[in-house]
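> Below is one structure. I have some questions about it.
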Amino acid sequence: MWGFLKRPIVVTADINLSLVALTGMGLLSRLWRLTYPRAVVFDEVYYGQYISFYMKRIFFLDDSGPPFGHMVLALGGYLGGFDGNFLWNRIGAEYSSNVPVWSLRLLPALAGALSVPMAYQIVLELHFSHCAAMGAALLMLIENALITQSRLMLLESVLIFFNLLAVLSYLKFFSCQKHSPFSLSWWFWLTLTGVACSCAVGIKYMGVFTYVLMLAVAAVHAWHLIGDQTLSNACVGADGDVTGGACLCRCLCMGGHDFSLNLWQVCVFCHLLARAVALLVIPVVLYLLFFYVHLILLFRSGPHDQIMSSAFQASLEGGLARITQGQPLEVAFGSQVTLRNVFGKPVPCWLHSHQDTYPMIYENGRGSSHQQQVTCYPFKDVNNWWIVKDPGRHQLVVSSPPRPVRHGDLVQLVHGMTTRSLNTHDVAAPLSPHSQEVSCYIDYNISMPAQNLWRLEIMNRGSDTDVWKTILSEVRFVHVNTSAVLKLSGAHLPDWGYRQLEIVGEKLSRGYHESMVWNVEEHRYGASQEQRERERELHSPAQVDVSRNLSFMARFLELQWRMLALRSDDLEHKYSSSPLEWVTLDTNIAYWLHPRTSAQIHLLGNTVIWISGSLALAIYTLLSLWYLLRRRRNIHDLPQDAWLRWVLAGVLCAGGWAVNYLPFFLMEKTLFLYHYLPALTFQILLLPVVLQHISDHLCRSQLQRSVFSALVVAWYSSACHVSNTLRPLTYGDKSLSPHELKALRWKDSWDILIRKH
């Protein structure tokens, strides 16, 4: 039993020194002088404020992507002891002593550094040569744009890391599939593929492009797997015993006869089930987990609260939660309420009125009712308060006991400060002539009677109750006389309306829309019938203590919807560019300029690598079409294993470029050069693949191969030379003269900053 103690314990390990060297060079290129410049560089001003929100546990909403990427950056701040106290107000601002610059930039830099050895491993897993793998890694190492982007507090390098990790993990899994399905390593790489895909999507929505590519490749392989009649050999050994590792397949195979299923069918089912769990279920669970952690961390009210619903705001500590804490849950006749529009576009706003009336004649010559204006106001104000009145009674207070308002009840909405009732009639709205004007009725003793009865409809009422509830109920008001629905048009009124938002009466025939839906945000039971006392009451806060909480799924669904639906009004940026400009590198971005010298940092790619990558893509496409045409004629230029290797490399590398680049032509948003970097990495992987293919299959003689190898060495030397030449603009650690800066402006479209002394 203790015999193993009589012999020494020996551990052997295979260490790939090339991989170690590439990792070391990647770390050196990305971590060298990482704290320089000690100033806010370009989009660090954008991500930095979110890191501060995390440190202070303040809720925020960013429509650029899910929260995992922000949490990665915030983790760097947490590890460095950042307290969140820094004003991220401008690019170039010097970081104060409490900002751990090295720690904040560390994780993106590590992701960029590890992408270098990962490129090496991917090419090896595609079964290309060691030289091709070294070439891919070295190209990743010296590409200037990738260096610049990974040395700053930005997310593209982290996204690229998880994209490459997903590809590498799947290739490792695919290799295990051939030799040891359902082994521990098989499960590890399959699961890691799903995790990496989920992390990529969790950093930026762009990550879904690579995720879809991996799903497509896995689906094709699964389709071939279904037709593989030899699959059961992986589950049953020569002696008839179930093999292939301790796995789910073993359990099901042993009971296969009990279910009248043959071994092959059970094995196929196990394979498909494992892929579905790892590539679909796990990513979804992780995606939800990112939001769960995000919402757990950010529990305090912040500047983005108003974008969210009243119920969401009330779940946050402070802000609306403080204002609405303990409000009566059921709205009753006599309740004083503020009504928030659920749509919240173009900005969140509340039903509002004031003493001013609509002008007699509008600018276009149309007339109005000259009644009191009703608008939607995007700020908290005492004129946002309304009283829910029972049309059959004169009282403006809540009775004892309170009579709750229910779905289908007729109500009048009386403006709290002016005591005039919400009204609409057959008069065209000021900016929306197809809709009715909404006003507060003023009796001018003319033949225009009040039409102020509204029917309450609760849109999200449950089957168990139809009572109008504070915050929770989403309601609309249907005008009794005209069947028009109270609606936010979203148009800004002219100066006579103080640029507030127009409210109209919209006919039901035009259909349902969120702009017609309202919810009670602030609520109190009115207790004063006399107007002066009521005004004093409206100015004072409600102080009743009742708690309301939203479930995680309700908060997640709302937050996800807001992120997808929210579209900021992106103005044309000085450094924005089109996708066509990226391929030819006709654009750059000035990230940072030293306040006193000419030292500067630019997002600028290595022209040799960018042009070569595009050429490699074109060559791959043309060669593939040629081979396909020849194979159609039953002419096989490549052995079957070489052809399959060529196709898989193209699907992952050329396909990775396509899915990460072509969708940008369909996007209506401000685009920048850094959006191209994920696609560029796949081009870099394809480049040595094409070069090796030309050498192995198109060069017919040894002399041709030698000449081609010499050309490749010369080409790579030129890429190194360009990388070194652009180095001052990559690291920004060297002040160049105006003449040197002009010499670096290789294209007229490059915006190299030259100081005029």
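Numbering starts at 1 and runs along the chain as displayed.
Quick reminder: no glycine exception, Cβ is built from N, Cα and C everywhere.
In case it's useful when we look at the structure, here is the feature table from TrEMBL:
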type	residues	note
DOMAIN	328-391	domain 'MIR'
DOMAIN	402-459	domain 'MIR'
DOMAIN	463-523	domain 'MIR'
TRANSMEM	9-28	transmembrane segment
TRANSMEM	68-88	transmembrane segment
TRANSMEM	100-120	transmembrane segment
TRANSMEM	126-147	transmembrane segment
TRANSMEM	154-174	transmembrane segment
TRANSMEM	186-203	transmembrane segment
TRANSMEM	208-226	transmembrane segment
TRANSMEM	272-299	transmembrane segment
TRANSMEM	603-623	transmembrane segment
TRANSMEM	643-664	transmembrane segment
TRANSMEM	671-691	transmembrane segment
> Quick test of the contact rule: Cβ under 8 Å, at least six residues beyond the ends. What residues does that give for the transmembrane segment (603-623)?
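Counting only partners 6 or more residues beyond its ends, the transmembrane segment (603-623) has Cβ contacts under 8 Å with 42, 139, 142-145, 148-149, 583-585, 588-589, 591, 650, 654, 657, 673-674, 680, 683-684, 686-687, 689-691, 693-694, 715, 718-719, 722-723, 726, 729-730, 746, 750.
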> Are there 3 or more C-beta pairs under 8 Å linking the transmembrane segment (671-691) with the transmembrane segment (9-28), counting only pairs at least 6 apart in sequence?
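With fewer than 3 qualifying Cβ pairs, these stretches do not touch.
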> Return the stretch with the most CB pairs under 8 A relative to the transmembrane segment (126-147), choosing among 100-120, 186-203, 208-226, 272-299, 643-664.
100-120
> Between the transmembrane segment (272-299) and the transmembrane segment (68-88), do 3 or more CB pairs sit under 8 angstroms, pairs being 6 or more residues apart?
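Output yes: the transmembrane segment (68-88) sits against the transmembrane segment (272-299).
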> Considering only Cβ pairs within less than 8 angstroms, which of the stretches 100-120, 154-174, 272-299, 643-664, 671-691 has the most against the transmembrane segment (208-226)?
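Per the Cβ under 8 Å count, 643-664.
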> Please give the sequence-distant neighbours of the transmembrane segment (643-664): residues at least 6 beyond its ends with Cβ less than 8 Å from one of its Cβ atoms.
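Residues 122, 126-128, 163, 167, 171, 206, 209-210, 212-213, 216-217, 579, 582, 617, 620-621, 624, 627, 636, 671, 675-676, 678-683, 685-686, 689, 693.
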> Is it true that the transmembrane segment (671-691) and the transmembrane segment (186-203) have 3 or more Cβ pairs under 8 Å, skipping pairs fewer than 6 apart in sequence?
no
> Taking the transmembrane segment (272-299) as reference, which of 100-120, 154-174, 186-203 has the most Cβ pairs under 8 angstroms?
186-203
> In the same chain, which residue numbers or ranges, 6 or more beyond the ends of the transmembrane segment (100-120), come under 8 angstroms Cβ to Cβ?
18-19, 22-23, 25-27, 29-31, 34-35, 38, 48, 51, 72-73, 75-77, 79-82, 133-134, 136-137, 139-141, 146-147, 149-155, 157-158, 160-161, 164-165, 168, 681, 684-685
> What are the helix, strand and coil residue counts for the domain 'MIR' (402-459) according to DSSP?
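Helix (H, G, I), strand (E, B), coil: 0 helix, 26 strand, 32 coil.
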> Against which stretches of its own chain does the transmembrane segment (186-203) lie, if we need a Cβ under 8 Å and a gap of at least six residues from its ends?
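For the transmembrane segment (186-203), the list is 65-69, 72, 155, 158-159, 162-163, 165-166, 169-170, 172-173, 176-177, 180, 210-211, 214, 245, 247, 274-275, 278-280, 282-284, 286-287, 290.
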> Let's see if you can do this one: DSSP helix, strand and coil counts over the domain 'MIR' (463-523), in that order.
9 helix, 29 strand, 23 coil
